[in-house]
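**Student:** Dumping the structure here so I can ask a few things about it.
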Amino acid sequence: LTVPRITPPSRCRAGRAMPKKDDGTKKPASETVPDQRWKLQVFYVCFYGFMTQIRPGESFITPYLLGADKNFTQAEVTNVIMPVLTCSYMAVLVPIFLLTDYLRYKPVLVLQSLSHISIWLLLVLGTSVLAMQLMEFFYGITMAARIAYSSYIFSLVAPSRYQRMASYSRSAVLLGVFTSSVLGQLCITLGSVSFLTLNYVSLGFVSFGLILTLFLERPQRSLFFNRPEGAGDGAAPAELDKMARGDGGGGIRGWREAALCRMLQEVGALTRQPQLRLWSLWWVFNSAGYYLMLYYVHILWNEIYPAMDNRQVYNGGVDAASTLLGAGASFAAGYVKIRWTL
């Protein structure tokens, strides 16, 4: 009599446990990765984010353009060169956002690294206003491609870890900017390194960043276009592969049209969500104000204090202080209980 009374509850418990294990919404593909493996992946992504920000010449681009190395006028820098950055950023932001998820992050990160290399090659070798405008165009691409790094880490971990992993990745980026700014300021103030030499150093670091990018693992799923399907807990095949296989008759053009329709449908679905509309408006005004301040304040500093000696330029110190505060805030945000509906 004891055995029949004990056996059914154990079977019932097993029956109740199985759906949770096989439910794709409860157990994303990232949770099937061995525990130590996803930790190593997250560590590498954070290390990658840190190293790709080591560009000690970045804080001194405006003084470099206005100085003896390039000898552009303040009017050319302010009214002709810099506006290309904001215009190109606005033009490529939405296409890169869609391609980032559709191509599963890594190709866009490679594009970002190649754009970084193009920026510093043009800074070092370019001599015309047109070359500097092209440099700012590539700068706009790198800014728009930051979404690839920001969202890449979500493909590696379960949703329950999103908040903390986001804080780690953002802190790694800001600590990289802090380190880069401090390094650049020390080279300028104490080492009397020229702006041109600093840009060569930056070119070396961004080239190393491209190498790091090539070793990133390309996820099998993403947030929108490559979601896991069914109740299985395995990784879903790439959306591109499914479209390419098709049912016949469509060819290359068929899946391209299907991909475009899918993208438009996703965008339309997102715009119907009130919280996302509000968040998007917040992001537009926040980023517009931030980038206007960030890239034009260097002109203002030069207007207030036109330093004749490069050692008296403290752009790196200011950038270091602001990003260190941002890194601390980003790290703390990962441990704060947030009511996302508010």
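Yeah, the Cβs are placed from backbone N, Cα and C, and that goes for glycine too.
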**Student:** Can you dig out which of the ranges 37-56, 197-216 TrEMBL describes as transmembrane segment?
**Tutor:** 197-216
**Student:** Any idea which of 108-131, 252-275 is down as transmembrane segment in TrEMBL?
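**Tutor:** Per TrEMBL, the stretch marked transmembrane segment is 108-131.
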**Student:** At a C-beta cut-off of under 8 Å, are there same-chain residues at least 6 beyond the transmembrane segment (108-131) that contact it? List them, or none.
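**Tutor:** Residues 52, 55, 57, 61, 64, 70, 72, 76, 80-81, 96, 99-100, 138-139, 141-142, 145-149, 152, 196, 199-200, 202-203, 206-207, 209-210, 213-214, 216 contact the transmembrane segment (108-131) from elsewhere in the chain.
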**Student:** Three or more CB pairs closer than 8 Å, sequence separation of 6 or more: does that hold for the transmembrane segment (313-336) against the transmembrane segment (171-191)?
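**Tutor:** Taking Cβ pairs at least 6 residues apart, the transmembrane segment (171-191) and the transmembrane segment (313-336) are in contact, with 3 or more under 8 Å.
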